[in-house]
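Some features that TrEMBL has for this protein:
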REGION    1-23  region 'Disordered'
COMPBIAS  1-19  compositional bias 'Basic residues'
DOMAIN    48-244  domain 'CYTH'
BINDING   Glu50, Glu52, Asp188, Glu200, Glu202  Mg(2+) binding site
BINDING   Lys54, Arg98, Arg100, Lys108, Arg168, Glu200, Lys236  substrate binding site
REGION    254-273  region 'Disordered'
Amino acid sequence: MRTQRRKHTIAKTSRKKDGKRWQSCLAPSQFPAEDGQIPLPGSMAQGLIEVERKFLPGPGTEERLQELGGTLEHRVTFRDTYYDTPELSLMQADHWLRRREDSGWELKCPGAAGVLGHHTEYKELTAEPTIVAQLCKVLGADGLGAGDVAAVLGPLGLQEVASFVTMRSAWKLILLGTDEEEPQLRVDLDTADFGYAVGEVEALVHEEAEVPAALEKIHRLSSMLGVPAQETAPAKLIVYLQRFRPQDYQRLLEVNSSKQRPQGTEDPDNCLG
């Protein structure tokens, strides 16, 4: 049974008197965060919250992961294709529709209204009838039923806006000094076929109350990997749009800039993805 997960995508903001602050950026991962999809068996996926941080890996990142006790789970290659209207109506509404080759459809959309602490919650929908219903709601379409996503692309005016192949190495590890029964951290190292490389450190938790502890572990591992505290890294989709569809990228950047942002948040160009 495929279920939906909630996701916290984080980026470093300025330090406040009460310590470090983290916030989600325009989703992708937003622009989405399209990365870091982990298959979860059965009912275990229910209620899980995904907390992640993207970073720019270096040539020694895999060697450093091995030194820290990391285990290489697998290497895999896959193609992601994103769909939207010519006006990018979905992305402008903070919705991100993707089809992963041999995996299926996914729609990322805002979760609970408002901001939870310094994180914004997103849902990842994978059941096609649910995706279709949400697409119709966002695009103001009625009478299309709740069938397959592919069947409503044409009626909804959705077309391919980006497609690229990713080579991924997936790692897992437990930080020294933590309980071995705690969920492992996962690290995905991605290289897209257009020459962009990005990494992601991720933790999965069951409750909002567990998010701060997960963030602390992610920060610790990022530091051990040599990731600068202030480093931000856009998602692959955002870099693709910036390089190959600059007008669309600029349009989304302007939409994000026009939205009210909490004091002390990142510049929108850094928050995309």
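Each Cβ is built from the backbone N, Cα and C atoms, and glycine gets one as well.
Annotations in TrEMBL come from automatic prediction, not curation.
Overlay of TrEMBL annotations on the structure.
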{"residue": "Glu50", "record": "Mg(2+) binding site", "Cβ neighbours (10 Å)": "23"}
{"residue": "Glu52", "record": "Mg(2+) binding site", "Cβ neighbours (10 Å)": "23"}
{"residue": "Lys54", "record": "substrate binding site", "Cβ neighbours (10 Å)": "30"}
{"residue": "Arg98", "record": "substrate binding site", "Cβ neighbours (10 Å)": "22"}
{"residue": "Arg100", "record": "substrate binding site", "Cβ neighbours (10 Å)": "15"}
{"residue": "Lys108", "record": "substrate binding site", "Cβ neighbours (10 Å)": "26"}
{"residue": "Arg168", "record": "substrate binding site", "Cβ neighbours (10 Å)": "17"}
{"residue": "Glu200", "record": "Mg(2+) binding site", "Cβ neighbours (10 Å)": "24"}
{"residue": "Glu202", "record": "Mg(2+) binding site", "Cβ neighbours (10 Å)": "22"}
{"residue": "Lys236", "record": "substrate binding site", "Cβ neighbours (10 Å)": "29"}
Between Glu200 (Mg(2+) binding site) and Lys54 (substrate binding site): CA-CA distance (Å): 4
CB contacts for Asp188 (Mg(2+) binding site) [other CB atoms within 10 A, all chains]: 23
Spatial neighbours of Arg168 (substrate binding site) among the binding-site residues Glu50, Glu52, Glu200, Glu202 [C-alpha, 10 Å]: none
Inter-residue C-alpha distance, Lys108 (substrate binding site) and Glu50 (Mg(2+) binding site) (nearest angstrom): 13
Candidates Arg98, Arg100, Lys236 (binding-site residues) - the one closest to Asp188 (Mg(2+) binding site) by CA: Lys236
Integer Cα-Cα distance in angstrom, Glu50 (Mg(2+) binding site) to Arg100 (substrate binding site): 19
Rounded inter-Cα distance in Å - Glu202 (Mg(2+) binding site), Arg98 (substrate binding site): 20
